[in-house]
Each structure stands twice: as structure tokens, then as C-alpha cells.
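Reading through the C-alpha cells given below for one structure.
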Amino acid sequence: MSGGDTRAAIARPRMAAAHGPVAPSSPEQNGAVPSEATKRDQNLKRGNWGNQIEFVLTSVGYAVGLGAFMFPYFIMLIFCGIPLFFMELSFGQFASQGCLGVWRISPMFKGVGYGMMVVSTYIGIYYNVVICIAFYYFFSSMTHVLPWAYCNNPWNTHDCAGVLDASNLTNGSRPAALPSNLSHLLNHSLQRTSPSEEYWRLYVLKLSDDIGNFGEVRLPLLGCLGVSWLVVFLCLIRGVKSSGKVVYFTATFPYVVLTILFVRGVTLEGAFDGIMYYLTPQWDKILEAKVWGDAASQIFYSLGCAWGGLITMASYNKFHNNCYRDSVIISITNCATSVYAGFVIFSILGFMANHLGVDVSRVADHGPGLAFVAYPEALTLLPISPLWSLLFFFMLILLGLGTQFCLLETLVTAIVDEVGNEWILQKKTYVTLGVAVAGFLLGIPLTSQAGIYWLLLMDNYAASFSLVVISCIMCVAIMYIYGHRNYFQDIQMMLGFPPPLFFQICWRFVSPAIIFFILVFTVIQYQPITYNHYQYPGWAVAIGFLMALSSVLCIPLYAMFRLCRTDGDTLLQRLKNATKPSRDWGPALLEHRTGRYAPTIAPSPEDGFEVQPLHPDKAQIPIVGSNGSSRLQDSRI
């Protein structure tokens, strides 16, 4: 990938942007139908976002990734990314349910929701390990000299050749360019390792020689993992009410850091070369299917589709919120931030390449090599390098937390909505704590000396083609099983207008075709996973495939279970009954259940939707009865 894969930590780090605060008292500003009172959108049982800016910030913080393939990236964003994003937001908002509850639309496909939960579990486990490593580097940057700046540390080997070490050996100051003999060494010696690489491999990870050799648990990383999960839990202690306030900072401050790094980066010598390397497309590869498949996959993963997080976050929206507007804003913010971040990354890498006297392609890296080796090494060349390092890793922490909030809330919301009784609603904080503790315990093996091998295994298999399968089946279930006309009518009832024709065409034809295209090329282009020069053994690859299949198999297994539990004299009759919407499918609040969703009988608490006061501020009105006795009039239906 020609400089496109700038994902700053293995998985898909996120970042966020904002538009101006929205006053919750104004229905028009909230995207509501003008004649609809805003207070009637409140879901007293589940709760809602404090205002719309909190939802937008959280969703962008969940979605935005650091990476772009330029032309193919933009095409895939328009025809696949934004339509799928809008579908998931509208799906969750209409039903006000998490990734399990929404499948009242077609109960036989509830396995799709379970598959999303499994994927979110895998990602949540290893993603917080990435955050904990960023925490470790952040704490390590609190020093006068960065520990990965020189080769004079106890963990360094004889092969270590640091840029600053070489500068000190020449004349005690950093030269404009390295001597020709050292430049030749850096260009051609296969033995050269940078101090940042040895710090990462030999000190931070103490990397073992095999995925099966766990060695010892790295206690500093374990402590940082505990800090990561504690921060996530405290920010979600009150669900979206607390995380919605936190994202005001976590979603916007990374832009401040990016801008600071951008201004510093573009003023460095050689920055222009790095930016040109980033912007110049390799036209000879533009017709290769792999480039388009990679771009589509990057859009798919960076937006977070099929993880369940988009459905979950949208489920806390007010019913008439304009999620169409939100999906466009968030998706475009994703793309714009990816491009902007590319300028920041490659301006610094261009400076580093100029300093070493090598091509930018020699210093550009991807995955963990970019976040924890290449970029930290480039930062050592800057004056006051610990300051820039602190800013960079603090930004990575905030990016990771934005995604982790949504991953944890996805699991908690699915559990709470599935149980659905008053007890678990009141004990939601304990559910959040339980999920956080389980995530911490399951992440401990990833802090061992073989942890990075397992982390990469989970990233490559647990959240790869399974997401494509889940998303494809979701499109088919909504558009062709439930029916595109029904879904378009639902959106019109919710937003006041049907989805634009472009989205209708994409949902029915274009997006499923692109998803199928991604799936085919994921299979065709499959290559066994490697880490640097380490080839994963067959048994480890088999575990990776089992992780991938564990989420996909939820779909047919639950479908068979549902068929067995559904009434019907024949298999065809059972199939029809299992795929038609359940009786409680539709808007969660009674006041929004109009048209074909209007109840024909008096609702009961078991119906699955919430009955609440039409006027909560006048819920009980004292009146005097005909017999002169005073009583309370309950305005609940």
C-alpha cells in the first residue's frame, strides 16, 4: 500500500470532530419533525443522549480511522461506506434497541446480532491492549531524554545504529545529513536496527521467539492495561450520560494535537518529500483489483460497520433525530480526518528520510511499526522531543478510548436490552463493571512476551472477513427479507422523508455487490499471517480461523434454533413465521407507533415497548371524584 496504511496502532484507531452544540430544547435543531415536541422523544426507560452533539462526537470518535487510499478510498466511501453507515444508524434509531433487540425485524436473523457481539468482544479485548501500550509510551515520555533515542541502554544490541548516536560520533551536534559511509550503512546493511525498534521489541515487549512461548507477563504493561480498563469503566459508569460528556474532550482534543504536529511537521526540512510521497498515486496499480479491495476494506473497517457499535449508539437517539444528516457528517469527517492525518504523519516521516538520506518508502511503516517504532524514532529528531512524544501518545490514547467506549457500551447495551427487566436496568453499572473486569482478565495473555503475536492474530482473523459476511447478511435481511418498501416507509415515518434515491439504489444493489466484492478478494488474496520475519505455525492460524468462524457461525446456528422453536406445520411455514417481524417490532415508545404500528389492543408491559406519560411534567393530577374523595389521575396509558 503506497503510504496509505497509516493506521496508528494495529487495529483501526479513531478520532473525532464536532459541529456546534445543539440546544436540546429546540426540535428543529435536534433534527426532529417540527410539529413533534422534543420532550416526547425521551425514552425514560433506556435514556437518551444529553443532546445531539454527544451522539455525533461519540460516533465520529468510534468511526474515524487514520488511513486513505485516495481515489479508490473516496469511491468506496461514497458507494459503500456512507450508505452502510446510514443504514445502521437508522436501524438502531428506529427500534431504540442494541444489536440484539433490533432483530425483532426478522427474528431468524438475530444471530447477526450475536455475531456482532462476538466481534466486538474480540476487538474490545485486544484494542485496550493497544491503548495500554500507548499509555506505557506516554508515561515513558515523561523524561528529559526519550529512552528510545540512543543505543547506550542495557537492552540494546551491537546491531543498533541510532541516528542521534551517529550524530554524536561525528561532531557532537546533529548534522544536516549523515556521512556517506553511515548513510550507506543505513541503506544497505541488513543488520541495522533502530533504537526505537529495539526498545519496542527487547524492552517493552521482551518479545519471545514463538507464539506458543508466553514467557512472563510484562508487569508494566499489565498495570497500564488495568489503568486503561479503569478509565473506560469510569467514563461509562453512567452509560451514555457520562460517556457523552467525556467525548467533548476525547473527540476534539486529538484535532488540537494533530494541528500542532501538522504545523511543526510541515516546517521541517524534507517534509515536502514525505507529503508528495503520500499524495502521489501509483497509477500503475490503480487498475489492480487488490488496491480497490484494500480501499473498500479500509473504508469498511474504519467506519466500524458491522461491529454493532453504530446500531447501539444510534439506539440512544431521539426517535425523530436526523440520522441521515449525522451519517453524512460523520462519514465525511472520517475521510477528511484520514487525509489530514496523512499530512501529519508523512511530513514527519519525510523529515526523517531526509535526515537519513534515504527514500521515504524506507522509513514508512504500517500497523504497530508505525505507531511504536517509525514515528517515535522520527520524534527523537525534533527539539524538545519528549514534549512531542507526550502529545503524540496522548492523542493515540484518546483515539483508542473513543472506540473502546463504543465497544464496551455495545456489549453492555445488548445484555441489558436482552434481559430487559427493571432489575438489570437499575444494575447496569454492575453489568458494565463485570464486562470491564472480564475484558481485563482476557487481555492478560496479550501482555505476555508472546502477546503481540496473539494481538496480531486476533486483529487479522477475528475482525476480518467475518465483518464482511455479517454486513452482507444484514443488507439482505433488511432489503429483501423484511422488504425495502417497508424499511423506506419506516425511515419516512421517523425522519419525515424517505431515504434519497441514491441510498435506495446503494442499499438494494450497489453496497451488497461491493461487500461481496470485498469478501471474494479477501478469500482470493489470503496470505498466511506473518510478523516481521516470523511465520505463524499452522495451529495458530487454525485458531485464527476458529475465531473468525465463531462470529459467523452464530448466524446459521441461531437460525436453526429459531426454526425449531417456531410454530408451523411445514418447514416453509416455519420459515415464513421465523422471518416475519415480531409483534413488538417498531418504535419503542407508544406515541411513535402510528400507522401500521398502531396497537389494536390495550398494550401490556410484556409487549416490549415502553408506555410512558404523554406529559411527564403532568403525570399525576389531583382531582376530586364524584363522591367527594380526592384521588390522583394517572396520565399513563
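Just so it is clear, glycine is given a Cβ too, placed from its N, Cα and C backbone atoms.
Positions annotated as region 'Disordered' by TrEMBL: 1-41.
The compositional bias 'Low complexity' annotation in TrEMBL covers 7-18.
According to TrEMBL, the transmembrane segment annotation covers 60-86 (among others).
Per TrEMBL, transmembrane segment is recorded for 114-139 (among others).
Around Cys160 (disulfide bond), the same-chain residues six or more apart in sequence whose CB sits under 8 Å from its CB are Cys151, Thr193, Ser194, Pro195, Glu198, listed in sequence order. The disulfide bond annotation in TrEMBL covers Cys151-Cys160.
For 219-240 (among others), the entry in TrEMBL reads transmembrane segment.
Sequence annotations record features per position, and here TrEMBL assigns transmembrane segment to 252-279 (among others).
The annotation transmembrane segment is assigned in TrEMBL to 299-316 (among others).
What TrEMBL lists as transmembrane segment is 328-353 (among others).
Look at TrEMBL and you will find 387-408 (among others) tagged as transmembrane segment.
Counting same-chain residues at least six beyond the ends of the transmembrane segment (429-455), those with a Cβ under 8 angstroms from any Cβ of the stretch are 10, 124-126, 128-130, 132, 205-208, 210-218, 221-222, 225-226, 229, 232-233, 236-239, 368, 408, 411-412, 415-416, 531, 534, 536, 540. Sequence annotations record features per position, and here TrEMBL assigns transmembrane segment to 429-455 (among others).
Sequence annotations record features per position, and here TrEMBL assigns transmembrane segment to 461-481 (among others). Beyond the ends of the transmembrane segment (461-481), by six or more residues, the same chain brings 11, 84, 87-88, 91, 105-106, 109, 112, 115-116, 119, 122-123, 126, 300-301, 305-307, 487, 507-508, 511-512, 515-516, 518-519, 522-523, 529, 544-545, 547-549, 551-552, 555, 579 to within a C-beta distance below 8 angstroms of the stretch.
The transmembrane segment annotation in TrEMBL covers 501-524 (among others).
Annotation source TrEMBL lists transmembrane segment at 536-561 (among others). Packing against the transmembrane segment (536-561) from elsewhere in the chain are residues 108-112, 114-116, 118-119, 122, 210-212, 453, 457-458, 460-462, 464-466, 469-470, 473, 528-530, 578: each is 6 or more residues past its ends and has a CB under 8 Å from a CB in it.
When each of the listed stretches 114-139, 219-240, 501-524 is scored by C-beta pairs under 8 angstroms to the transmembrane segment (387-408), 114-139 comes out highest.
Tertiary proximity for the transmembrane segment (501-524) is limited to same-chain residues at least six positions away from its ends with a CB under 8 Å from its CB atoms, namely 76, 79-80, 83-84, 86-87, 289-290, 292-293, 296-297, 300, 464-465, 468-469, 471-472, 475-476, 478-479, 484, 488.
Counting only same-chain residues 6+ beyond the ends of the transmembrane segment (114-139), those with a CB under 8 A from a CB of the stretch are 9-11, 13, 99-100, 204, 220-221, 224-225, 227-229, 232, 306-309, 311, 371-372, 376, 389-390, 393-394, 396-397, 400-401, 403-404, 407-408, 410-411, 414, 439-440, 442-443, 446-447, 451, 454-455, 458-459, 462-463, 466-467, 470, 547, 550-552, 554-555, 558. In this view, Cys151 (disulfide bond) is surrounded by 22 other Cβ atoms within 10 Å of its Cβ, with every protein chain counted.
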